[in-house]
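Student: Just dropping this structure here.
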Amino acid sequence: MTRSLPGERSVFGPRAARLGLYAFLFASAAFFLLPLLLVISNSLKPMEEIRQGNLLALPVKPTFDAWLTAWKSACTGLECGGVRPGLWNSIKITVPAVVISTLAGALNGYALAQWKSRHANLIMLLVMVGLFIPYQAMLYPTVKILSSLSLFRTYSGIILVHVVYGLPYTTLLFRNFYVGVPEEISRAARMEGASFLRTFRSVILPLSTNILVVVAILQFTGIWNDYLLGLIFAGNDNLPMTVQLTNIVNNARGSASPNVNMAAAVITAIPTLIVYFLSGRYFVRGIAAGAVKG
Amino acid sequence: MSSVSIRKIRKSFAGLTVLDSVDMEIAPGEFIVILGPSGCGKSTLLNVIAGLDDCESGQIVIDAVDVSGLEPSQRGLAMVFQSYALFPAMTVRRNLSFGMEVAGTPKPTIVQKVDWVAKLLQIEALLDRKPGQLSGGQRQRVAIGRALVRSSSICLFDEPLSNLDAKLRAETRVELKQLHETLKSTMIYVTHDQIEAMTMADRVAVMHKGRVEQFAPPQSIYEKPASLFVAGFVGSPAMNLLEGSLDGAGRFLVGQRSIGSSAYPFEDPSTAGEAVLGIRCEDIDVVEPGSPDSIPAKLAFTELLGADALGWFDCLGKRMSVRLGVDAARSMRKEVGLRFDMAKASFFSASTERRL
Amino acid sequence: MTVVFFFGIVAVFFYGSIVWTGYMSLTRSTLMPNYNFVGFDQYIKLFTNHRWLVSCLNMVIFGVLYIVGTLAFGTLLAVFADRRIRAESLFRTIFLYPLAVSLIVTGLSWRWVLDPVNGLQGLVRGMGWENFTFDWLTDPDRAIYTLVIAGIWHSAGLIMVIILAGLRGVDEDLWKAIRMEGIPLWRAYLQVIFPGMRPVVASCVVLLMSDVIRGYDLVIAMTKGGPGIATEMPAKFAVDYYFARVNLGLASAASIAMLVLSLLLLAPYFYSEFRRRT
Ligand SMILES: Nc1ncnc2c1ncn2[C@@H]1O[C@H](COP(=O)(O)OP(=O)(O)OP(=O)(O)O)[C@@H](O)[C@H]1O
Ligand SMILES: [Mg+2]
């Protein structure tokens, strides 16, 4: 990029300004990295070093023992199997829920963007209000609905809950994007005789890679990191990692071994971090392409 | 009123030379139009004059003061942008006054100037609106107004009318010209619209690939293009061009045929060698086939343009345009002769592409 | 058809739930729903409940500081990142990664960092400043600020990316006009650029507000509402009364009160949004 930089010469001296700028950026970077580094470094310490007290000291004799314990044998309550079972649970909950809620959100968003009338605005408003309904207001009724469908505390039940709770958000993001896509594109496809769904699948979806990536990443991190819904709706056989992590940390015996807690925390965060590091570039690009705007 | 000298300006972006030793002397109060195809460096030149872009070498001198090292705001210039660049969240009034406010101009002066500009541009009724509530033409006026309140003696325009529709563009063009007459400030105006260049300019600078090809009054750009590029770029339809050779004895040879060139005001009448003859469509007469000094041609088709018409003829292996009356065009025969008015023609060297 | 189906599901879940919860809030239900209508008793109980009032106050304090802090910090980062810095994408990655970390892990990590014995305070004391005190986490008056810090840590990167995208979309000519007028940089940002990005900023505020209203995980992981009830939040209040204290009526009343409160806060936004569209 070779944009002309406004006022570059005029603020303070360019030297001093640049120096201050980088000082601020480095300080901020330290602020952002501190917790991560601290947790990683402590998860690598053996218990003796932890007992000596200081969390901020670097490990003298790094070891992966705490990681192994957290992974395989830390107690999450009555059972002592570490977070390992949670990993698979989290994956099998997150993947289908992300795919369904993203695609359904795209379809809904496209329909909302296409449909131009006062009703569409009203629905839009209702969907937006849906974004702000506190989960708490919906929990108990959701339990009732799922029980009556005998889905409460089942695998399909937790997926359904994630999809439904995610829909207003994904719908809105896609709508904002599709409103900016020229209408001629859909019109042209209609002229060729393509049905609504056909137009959506063959013409609109391929245009949407940027926003699809953004929404999928947001949904992935959101659902993977969810705690409350997993706790209530997943059932004991499907508890996601976040719930097991909290159980390990809050377990009476767990508080005695912070290194294991920290290792468990890192292990839980690894999948989303990987997803983020691999696709962060597309995420930023998608947002820049207008995924989130007024 | 200020004079501007542009001296040997050179600029490149990542190895690509965008301005190649541009020289221009602009007299106080002149209206200069910079004309050229897209990407030839017009905007870059304007930005360098304004100080928005740095150049690698060369000087910008305003009223005998070298301003090359100064910030844009200190050069005493005003500029109007293609996309208007109005401050989005401010009212029109604030848009006009903000620059002065920042510069610490006293309140009464600001009010007075805003009133003066609003009256001049007839935007008094719009003063309390925001840019989002204005039409394109109104935004353009406000943008011009913002440039005028700076009361700089030099005003720069970068394609200010290109976002307007044809009718509004024609109107604003006239208004701008009148404004120049009233204010008498020096104006440098970038466009790729030939009509704007022809109608508004005191002098036109035609640019091509980062160079000024010709810097002259519009009529002489049209009648006496300094290079093949100018000949091909200026005028619609483009000048008819015929490749051939000069024999140095008053004849221009094209294939088997020859045309008497002695009426052409050569600097050196004995010039010989490969050359290109350029002739405007209105400098060609249609005559009976076989008339003296005429070249046989075949009518391909005619275009009626309303007030007059164009005939397109196949002649000497080229398709050539000839301006005709509407009646003549309707009754045009297939086989005719064409006679060129050599006094108004142009000759270019085939090797240097410059005018002979 | 498919679309109608999805909207139908959302409508049933969201609005069905609201209606049902609203009804429950007017009953004396405890463990099981009880359909006897008792009027606004639960609301009276709610608004005379000390813990609830503290929760609401906490949410307001947390919400204001979190939204203002995240916006300010994220915007500052965006402005700086827009100054053509070196290693921009590295910095951006560092600023954005907390978004991938769950609020649970965020809360735990900050709990460890700010732990008075083992964390920052312990470290600084260990280095010789025996009197250094940074015990906000266990100070009932200050604990709420630690939540704000952790919240900002989690969301500032996202705001930065959104604002940065907005800044990159600013017309080049506008910057040129600013330079021609000789407007200093800070005035250019504050008076020209940001006011022109109002819709972007509004989306950010709305995004953050939804975090505040739904905020539960962070409190659970970091302070569990403590010390005492210093960091209780309405969301936690509602969940506690639904599940731990089995008082369905009061919990429902709390949920409805939260909904009304958030709609009141968002009314100006919805209004301007609606007006813009029609
Ligand atoms: N920031 C830049 N970085 C690299 N190349 C640039 C930059 N700005 C302009 N150029 C190049 O410089 C050349 C001249 O650009 P300029 O904008 O001056 O053209 P122009 O004559 O104004 O064209 P137009 O009529 O389309 O506005 C172009 O080839 C363009 O690609
Ligand atoms: Mg240009």
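Every residue, even glycine, has its Cβ placed from backbone N, Cα and C.
The domain 'ABC transmembrane type-1' annotation in TrEMBL covers A:87-279. Summarising the annotation, TrEMBL assigns transmembrane segment to A:21-40, A:93-113, A:120-138, A:158-178, A:199-220, A:260-278.
Please go over these features one by one and say how buried each is and what sits next to it.
Tutor: For the transmembrane segment (A:93-113), the list of distant contacts is 120, 123-124, 127, 155, 158-159, 162-163, 166-167, 169-179, 181, 196, 200, 204-205, 208, 211-212, 215-216, 219-220, 223-224, 230, 234, 238, 240: same-chain residues at least six beyond its ends, Cβ to Cβ under 8 Å.
A Cβ distance under 8 Å defines the sequence-distant neighbours of the transmembrane segment (A:120-138), meaning residues of its chain 6+ beyond its ends; these are 112, 165, 167-169, 171-172, 175, 228-229.
Panel annotation: around the transmembrane segment (A:158-178), residues 93, 96-97, 100-102, 104-106, 108-110, 112-114, 124, 127-128, 130-131, 135, 138, 142, 146, 151, 204, 208, 210-211, 214-215, 218-219, 222-223, 226, 229-230, 233-235, 238, 290-293 of the same chain, lying at least six beyond its termini, place a Cβ under 8 Å from a Cβ of the stretch.
Under 8 Å from some Cβ of the transmembrane segment (A:199-220) lie the Cβ atoms of residues 94, 97-98, 101-102, 105-107, 110, 166, 169-170, 173-174, 177-178, 181, 185-186, 189-190, 272, 275-276, 279, 282-283, 285-287, 289, 291-292, all in the same chain and six or more residues away from its ends.
Counting residues 6+ beyond its ends, the transmembrane segment (A:260-278) has Cβ neighbours under 8 Å at 39-40, 42-43, 66-67, 69-71, 74, 82-83, 86-87, 90-91, 217, 220-221, 224-225, 241-242, 244-245, 248-249, 254 in the same chain.
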